Amino acid sequence: MSEKDNNLTPWQQKHLEYQKRKAEEAKKEKKANQPKKVHFSSPFLKSLPKTEKNFDDTRDEAESAELLEEGFETNNEETQSSEAPIENEKIIAQLEQLSQENEYEYEEEQIKRPSRFFSLFKGSAPLLKKMWPALAIVVLVFVGSLYLISPLSKISTFSVSGNANESSEQVALASGIQTSDSIFNILNNKEKIEATIEQKFPRISAVTINYHFPNRFEAIVKEHTNSVYVKRNDQTYLVLNNGYVITTPVDATKLEKLPVLQNFNDEEVKTFVNAYETLKPAIKSLMTNVTKTPTDATKDFIAIDMSDGNQVRVSLSQLADRLPYYPSVAKQVQAPQVVDMEAGIYTKPKAAYDAYLSQLSTSKSASISAQNAKKTDASSENTAQSTTTSSN
């Protein structure tokens with residue numbers, strides 16, 4: 001048995017043996033149907049006269065015929081034996097092909113064959129189709145009930161991020177959220193919780209509460225930035241970029257590089273901050289000290305000391321409109337200069353401007369004194385006339 005035969009399955013080997021037996025039976029049947037003797041006519045024999053043929057010649061002819069017949073049969077057997085391996089290989093190839101086809105058909109049958117589970121519901125498709133909506137509702141209610149009574153429906157952690165000045169513990173406490181609260185309750189009151197936190201912490205400008213699966217919440221905090229300082233009664237207070245003044249005094253040794261407003265009330269502080277926050281950082285960084293210098297014409301006139309040595313005088317109500325021109329003006333003058341923006345824009349050396357202000361103040365004081373003297377004289381005359389009239 002060849003190596004290829006050993007690789008056949010038991011069924012293929014039995015089939016091969018059956019094919020071999022059929023081949024041998026066909027061979028025997030073919031041999032049985034053939035004539036036992038084949039007579040060949042020889043040219044040599046034809047050349048001899050028929051009368052000269054004797055018994056010996058007849059015997060020799062018979063023996064020659066038998067030898068030829070045996071040779072013919074031997075050749076046939078050799079031919080059949082040489083063709084046998086070829087036929088076997090063909091049979092093996094056919095068997096392999098047949099086996100592959102059977103396996104393929106078996107796999108297709110297994111795929112097409114419904115499972116036992118689905119066979120249980122055979123014939124109930126119309127009923128299931130009608131009951132499907134009700135079954136879906138029942139399943140959803142069941143799953144929802146399980147979720148509500150499970151720990152997953154309760155908040156597990158609440159974290160705070162983005163806070164620099166307010167502590168996470170204080171923000172969490174102000175939110176009123178506890179670990180035993182329902183997730184749906186927090187989601188329904190999300191905006192209310194955010195507004196509560198913003199109201200309790202003036203430094204916080206916005207709060208966003210985010211939900212993270214499965215039961216975590218995070219409060220993302222955005223704080224107001226520090227804008228300026230305001231000095232009142234020798235105490236310095238921080239002002240946020242929304243104009244809110246922190247009521248706790250700041251240590252004078254720990255001040256940031258921000259402008260300091262001198263004796264501004266809350267309304268004036270908010271007006272200044274609103275305009276200040278619209279300016280470019282390059283201009284804001286130059287401002288150091290701001291004082292109120294009202295005039296008869298401009299009651300909200302202020303003086304802004306700049307770090308380059310100049311001083312800008314402008315009305316508080318026009319700060320956002322006029323101050324952006326300062327950088328171009330500063331390039332054209334040599335400090336220290338006073339840049340007056342009350343009526344138009346003009347510059348004057350600081351010493352000359354201070355002298356002008358001093359002279360203006362003296363003139364104003366003299367005018368006030370003269371007016372007071374006139375009022376005193378008029379009052380004296382009225383008193384004298386009243387005395388004369390009463391004596392008469």
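Cβ from N, Cα, C; glycine included.
According to Swiss-Prot, the features are:
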- 1-87: region 'Disordered' (REGION)
- 1-131: topological domain 'Cytoplasmic' (TOPO_DOM)
- 14-32: compositional bias 'Basic and acidic residues' (COMPBIAS)
- 58-76: compositional bias 'Acidic residues' (COMPBIAS)
- 132-152: transmembrane segment (TRANSMEM)
- 153-392: topological domain 'Extracellular' (TOPO_DOM)
- 153-224: domain 'POTRA' (DOMAIN)
- 368-392: region 'Disordered' (REGION)
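Residues 214-215 of the same chain sit 6 or more residues outside the transmembrane segment (132-152) yet have a Cβ under 8 Å from a Cβ within it. The helix, strand and coil residue counts that DSSP assigns across the compositional bias 'Basic and acidic residues' (14-32) are 19 helix, 0 strand, 0 coil. The DSSP breakdown of the domain 'POTRA' (153-224), given as helix, strand and coil counts, is 26 helix, 24 strand, 22 coil. Averaged over the topological domain 'Cytoplasmic' (1-131), the predicted model reaches a pLDDT of 59.
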